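Below is one structure, written out as structure tokens; the observations come after it.
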Amino acid sequence: MKQIAILGSTGSIGVSTLEIVAAHPDKFRVLSLSGAKNLDLLARQIRQFRPRLAAVADPADIPRLKELLSGVEVELTGGVEGLCAAATAPGVQMVVAAIVGAAGLVPTAAAIRAGIDVALANKETLVTAGHLFMELVERHKVKLYPVDSEHSAIFQSIEGHRSQDITKIILTASGGPFRETPLEKLQSVTIQDALNHPNWSMGRKITIDSATMMNKGLEVIEARWLFDAPAEKISVNIHPQSIIHSMVEYIDGCVIAQLGTPDMKAPIAYALSYPERVSTGVKPLDLTELSGLTFSKPDLERFPCLGLAYRALGEGESMPAVMNAANEVAVEAFLDGRISYLQIAALIEKTMDAHQAHRLGSIEEVLEADRWGRATARDICNTLQTGRCL
């Protein structure tokens, strides 16, 4: 039985992970959980899965959580130290790192330093500090399993093959809700329009990232570190059906792809159970029901955020951390109705233009770059003329 910790258990990845755990009580046991503000859901999860320890992002929420858990024996903690305690709880064999944003960096690093394998769903870990985390992974001899459907697909497609035989990694993207929207109409996109993803059910932030294709840009940067591939070997194809989750091209001209019904439980289960496979409840793919699989190159005029991610990867050093921070500020501002959809990319670009990339030698320096990026993006956001679209 594999004993796991789930950081970010109240988010969409965390909830899906617990569904896998509940379906396989003979294979997985939850030793610790962490959540942010959804205390009611966290309390229900604690009652159902009975972890030894649970952490909340804000220690001030501990008294309220205690009230919700009357009669339940569980150690409660909070803050960064609490998240690290959840990640390194005695007996934990795998950490599911699903905290959204830079808040996931320190506890994920703590797990790696403790020699614990990580199922990685937190994009920011590799986007902002890829070189540092891969050095930690190598130094502490732990395994890093991708949870993103695209990176899981690549991981499965390179099994048994030599890295030097790979000529290209091809990430697929649905294109989101605005794949065919006339460019002139993007100015009037509403929040609800952007949250209406055609294929995937995800959290609000990642759904907006999917609409702008920043999500795919972050995945390009992740792939660079996960698979030790230079930017020129990583490309993106628009694939509206979201059936092929990613592909790998080899020197002999062959392309290996992973196909499946769009459901995050499949890559989560593979990360948890590797090298075995377990049932997930995901509907099997029936190829005879498909009308076709189509592909196209992304239009960077329509999706400027993808181009900004490639730019950040090319400049390297601190630029990806600053870009990521600016994106989080921009998405939050859009969801609050303070800027328009098109101003998301504009805000990120202005923040990047104001930054001089420099080397990051520690996680604290990464967090400092993140803080600089957020502060600068907020200042720039205040100067933008609002395009409020509710």
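Heads up, residue numbers simply count up from 1 along the chain you see.
Just so it is clear, glycine is given a Cβ too, placed from its N, Cα and C backbone atoms.
Of the residues Glu75, Glu81, Glu219, Swiss-Prot places Glu219 in the same Mn(2+) site as Asp148, Glu150. DSSP assigns His197 (1-deoxy-D-xylulose 5-phosphate binding site) to coil in the three-state reduction, placing it in neither a helix nor a strand.
The two recorded residues, Thr10 (NADPH binding site) and Glu219 (1-deoxy-D-xylulose 5-phosphate binding site), have Cα atoms 22 Å apart. In sequence order, Asp148, Asn215, Leu218, Glu219, Glu222 are the residues near Lys123 (1-deoxy-D-xylulose 5-phosphate binding site), counting only same-chain partners six or more apart with C-beta under 8 A. Each of the binding-site residues Thr10, Ser12, Asn38, Asn215 was assessed for Cβ neighbours inside 10 Å, and the highest tally belongs to Asn215.
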